[in-house]
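Copied over from Swiss-Prot:
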type	residues	note
ACT_SITE	97	active site, proton acceptor
ACT_SITE	346	active site, S-methylcysteine intermediate
BINDING	117, 121, 124	[4Fe-4S] cluster binding site
BINDING	171, 172, 203, 225, 226, 227, 303	S-adenosyl-L-methionine binding site
DISULFID	110-346	disulfide bond
DOMAIN	103-341	domain 'Radical SAM core'
């Protein structure tokens, strides 16, 4: 007799959880009870849910489960940054990385959306590793669940252990649209994690059609991985630009802002690489390019990884680039490198997985030819 596959309630959005409970003949309020137990109290079993009837708990035990991803390891940087390697349902060689960055009374969790990445940005370690598959909603929200639970029993009335979530880990979130949206809805729902829409940020390399779709589904904050002031250079650094060039991307960003219920800005992410995109002329070009968009700019000095071929710019060069943009009227921040001693900094996440694209092997072969 074949075992019945249990429904994992961890990844169900509130709407889908209500639908599920109604489908098994239960009242809507039961879904609210269960979602609070899972996401606010960290319950791992139905037996813990003391305000749920014994009969319903027994029923759920038969057909459901609460199963998060498995933590393979946790590393803590000298600056307090934490990195988890998390095993997904794909097996022992399908692991992603999740990073928690503390900063005073803030704690930002960087969440992965894919096992590997389906894009091939030239300066990103994840992209060099290739791609296996998309994460499920349970594997995405499970990263938040794991991070919060790592500090001990969850207390819905205590201080927030995670104040901000950024979809900036491994993978391109908009290439895994539905699971990412479901997970973000859970992050912001009052009965789950209750994060403000301004404190949940999705970062994309520019999957233009999905930006138009995203604003119809949710109103999270949006960040764009731009990294170049023109199409010629961006085509080299961010290959998806060949399909969706900068003008189309900025037009989609403008549409996103115009359709939000409140006034906000887009965050432009720009990784500075020495001798590649960090000269004064390029700073002026970027300032001119972004005049059409309400935005702030986050400069990210490149974080080296083996065989990347790029170098971090000098502090003087970074400050000069920042000043040119600030003088043009932009709010400009320079991201402080955090967690680089445990390979948890921006662009360094690689995980451990089977690469279906053979991209990682191709890069190894290419390096051997050049050496």
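Just so it is clear, glycine is given a Cβ too, placed from its N, Cα and C backbone atoms.
Feature annotations (Swiss-Prot) mapped to structure.
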residue : record                               : DSSP class
97      : active site, proton acceptor         : strand
110     : disulfide bond                       : strand
117     : [4Fe-4S] cluster binding site        : coil
124     : [4Fe-4S] cluster binding site        : coil
171     : S-adenosyl-L-methionine binding site : coil
203     : S-adenosyl-L-methionine binding site : strand
225     : S-adenosyl-L-methionine binding site : strand
303     : S-adenosyl-L-methionine binding site : coil
Mean pLDDT for the domain 'Radical SAM core' (103-341), rounded to an integer?
94
Measuring Cα to Cα, how far is residue 110 (disulfide bond) from residue 225 (S-adenosyl-L-methionine binding site) in Å?
15
Checking the recorded positions 97, 171, 172 against residue 117 ([4Fe-4S] cluster binding site) with a 10 Å Cα-Cα cut-off, in sequence order, leaves 171, 172
As a whole number of Å, the Cα atom of residue 227 (S-adenosyl-L-methionine binding site) is distant from the Cα atom of residue 121 ([4Fe-4S] cluster binding site) by 10
Return only the integer: C-alpha distance in Å from residue 172 (S-adenosyl-L-methionine binding site) to residue 124 ([4Fe-4S] cluster binding site).
12
Have a look at the recorded positions (110, 117, 121, 124, 226) and report the one with the fewest Cβ neighbours inside 10 Å.
121
